Amino acid sequence: MIVSGYPAPGPAEEVTRQSSPTAAPPQRDRAVDALRGFALFGIILVNVPFFAYPIYEGPAITSLADQIAFSALSALAIGKFFLIFSFLFGFGFATSIGADSKAGRASGPRFARRLLGLLAFGMLHAVFFFIGDILMLYAALGILLWFARDLGPRTLIALSLAAYALAAFAQAAALTAVTIDQGDTLSRANAAYLGGFWDAVRFRLNEDIWIGQPFILVFNGPAALSMFLAGLGLAKSGRFPGRPLHRASPILGWSLLASGLFASIASFVWFPVTYQPPADGAPVGVFLAAMVRSLGAPVLAAGYGLLIMRAADKAPNHPINTLLATAGQMTLTGYLFHSVLLSFVFGGWGLALYGQVSPLECLGIGAVTYAALVGFFILWRKWFRYGPDEWALRSWVDLKFKPFRK
């Protein structure tokens, strides 16, 4: 159902809202949750190397297995799952506006509190655990999303395409800059991240965060805004998830997947970006290859999304879809907790594996981290309605403590 251009909650959600404070949370779309859970898996795989190595050096590739692992991560994951997350943020914004309209609530103050909550989480996350935090970026871009809320679906999609054209250029420029040698900061990074917990915090706060966050703003900012607008536009049009293309035929999903993968592999074969200082003239190659990869990324991400949601719709109770949907209900907690776990694995205050693992081992660590989080989610959901961070954010947005235990 559409309320003033926005998707409104279905009957099950209306019943929940009118029932007692101890009633179950609103019914969720399992296919959307499965897509969120899948995106969280990809985000974790992509982020592991940024915990394992200095952001300006990258991994040492010493074997065929490492080359395959690094190439697979680059072709299949880097720059793709972030787009899915961002699209779902725009969709979630549309859903919340629709719910507020249906309930007769003012959306502005609630959304402002949501952005402030994300900003607070992001600042703590970036300082204490991970300079690659995206929550602060989401909080900033959410302001622009708010001012786009009354635009029509076609206008939103047109702006999304324009923003992504800028994103492709910005990402190519950012990757070219990253390949410039950062040299003298490596020894300080190694000493800080292999030192105590507070050594790492001081290094992030005084040095690393001033490299990582500007890079994220340039590399991810326009792309995130593009996906925000696309998610909002498709939600307002009713095409996601009300009449999604994934329910018609798998051909489109597989075609997008193949096209995006071809562009990604071609760009990587053309010029494999390994974060090493380039040879003379190489930045031009990096720029052009990165442009191709950036333009192919949303195509591949769309293919992932259509196929995952189709699988979740066709077999919602399949064990894999159930696990993905469970993870998708706690993505904020999962995103923050994965940083805690990986900081312990690589930091000197934990297992001290910083700079010691191969790209193949990074993939394994990412998979184990995701599996551990999903196991935790399953146990947690037996007794609690929301993830701990989801509960905190919801309570702050509503200005009252939400029911926590089931």
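Cβ atoms here come from the backbone N, Cα and C positions, even for glycine.
Residues or ranges marked as region 'Disordered' by TrEMBL: 1-27.
Sequence annotations record features per position, and here TrEMBL assigns transmembrane segment to 37-56 (among others). Panel annotation: around the transmembrane segment (37-56), residues 73, 77-78, 80-82, 84-85, 88, 130-132, 178, 181-182, 185-186, 189-190, 208, 211-212, 215, 275, 304, 308, 323-328, 331, 334-335, 338-339, 342-343, 345-346, 353-355, 357, 359, 362-363, 365-367, 369-370, 373-374 of the same chain, lying at least six beyond its termini, place a Cβ under 8 Å from a Cβ of the stretch.
The transmembrane segment feature in TrEMBL is assigned to 68-94 (among others).
Here the transmembrane segment (115-148) has Cβ contacts under 8 Å with residues 47, 50-51, 55, 82, 85-86, 89-90, 93, 108, 156, 159, 201, 204-205, 208-209, 211-213, 216-217, 220-221, 224-225, 228-229, 232, 332, 335-336, 339-340, 342-343, 389, 392-393, 396-397 of the same chain, all six or more residues outside its ends. Sequence annotations record features per position, and here TrEMBL assigns transmembrane segment to 115-148 (among others).
Feature annotation from TrEMBL assigns transmembrane segment to 209-230 (among others).
Annotated transmembrane segment per TrEMBL: 251-273 (among others), in sequence order.
Annotation source TrEMBL lists domain 'DUF418' at 256-398.
The annotation transmembrane segment is assigned in TrEMBL to 285-309 (among others).
What TrEMBL records for 330-351 (among others) is transmembrane segment. Within the same chain, residues 36-37, 39-40, 43-44, 47-48, 51-52, 85, 121, 125, 129-130, 135, 193-197, 199-200, 365, 369-370, 372-373, 376-377, 380-381, 386-390, 393 sit at least 6 positions outside the transmembrane segment (330-351) and bring their C-beta atoms closer than 8 Å to a C-beta of that stretch.
Sequence-distant neighbours of the transmembrane segment (363-380) (same chain, 6+ residues past either end, Cβ-Cβ under 8 Å): 37, 40-41, 44-45, 47-48, 52, 69, 72-73, 323, 326-327, 329-330, 333-334, 337-338, 341-342, 345, 357, 387-388. What TrEMBL lists as transmembrane segment is 363-380 (among others).
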Helix, strand and coil counts within the domain 'DUF418' (256-398) (DSSP): 110 helix, 1 strand, 32 coil
